[in-house]
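Copied over from Swiss-Prot:
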BINDING   39, 44, 47, 77  [2Fe-2S] cluster binding site
DOMAIN    3-93  domain '2Fe-2S ferredoxin-type'
């Protein structure tokens, strides 16, 4: 399946289609969208965002605990969309504050 991903970035909103087996960060790069990242393995907070709407599967990640994920935190480098989704990006400072 393919889902609509809307990213709310400091530079404005970006929308694209993302297959359910492609990480959101990878697909964003394919679309020419510049997002922050570091490890690309779900073990740091550089790419952190907040899911505002919809669902993701980020079971490949290890940095976030269950409580953070329940609050909507997402690591875009290990997140697959499982529905149409809206994500606020560039949230590392807020997450680690």
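Keep in mind that glycine also has a Cβ here, set from the backbone N, Cα and C atoms.
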Additional residues around [2Fe-2S] cluster, ordered along the sequence, whose Cβ is within 8 Å of the centroid of 39, 44, 47, 77: 25, 37, 38, 40, 41, 42, 43, 45, 46, 63, 75, 78
Of 39, 44, 47 (the binding-site residues), the residue whose Cβ has the fewest other Cβ atoms within 10 Å: 39
Cβ atoms near residue 77 ([2Fe-2S] cluster binding site) (within 10 Å, other residues, all chains): 26
DSSP three-state assignment (helix, strand or coil) for residue 44 ([2Fe-2S] cluster binding site): coil
